[in-house]
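Colleague: Per TrEMBL, the features are:
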- 26-152: domain 'RDD' (DOMAIN)
- 33-55: transmembrane segment (TRANSMEM)
- 67-85: transmembrane segment (TRANSMEM)
- 121-140: transmembrane segment (TRANSMEM)
């Protein structure tokens, strides 16, 4: 018999998250991993369809061997803009949408710009810097929180 998990009810959003944790199912490592791979495909496609043709039109080199090359900066900005904007406005990226995942604030409140920026930029940068170990926290923590989720007090749940 399968259990049905529901997102945080509207009336419970003002309660502390501890009071509503029985209503959610946390997204595990592999679901988040596959969603992230799909997101990388989306960002890569955006760069190939928008950034590179624009650079060719303006006769700007698309060489990305130097971290300060214009193409490297543009693709990095596209990467971060995608994750920040999708998470802020939809609480999920396209990859998370496909897999039925959603980012929520641990308190149940709407995601703020500060929370999203801290999670998607600072938290993920730190998690990647230490050999991606910060992402492995998802596999071993009780609430399936990565290092970036712990920094920003967020959770990734099944919708």
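Glycine too: its Cβ is placed from the backbone N, Cα and C atoms.
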Colleague: For the domain 'RDD' (26-152), what are the DSSP-based totals of helix, strand and coil residues?
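Modeller: Residue counts in helix, strand and coil order: 86 helix, 6 strand, 35 coil.
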Colleague: Mean pLDDT, the domain 'RDD' (26-152)?
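Modeller: Across the residues of the domain 'RDD' (26-152) the model's pLDDT averages 92 on the 0 to 100 scale.
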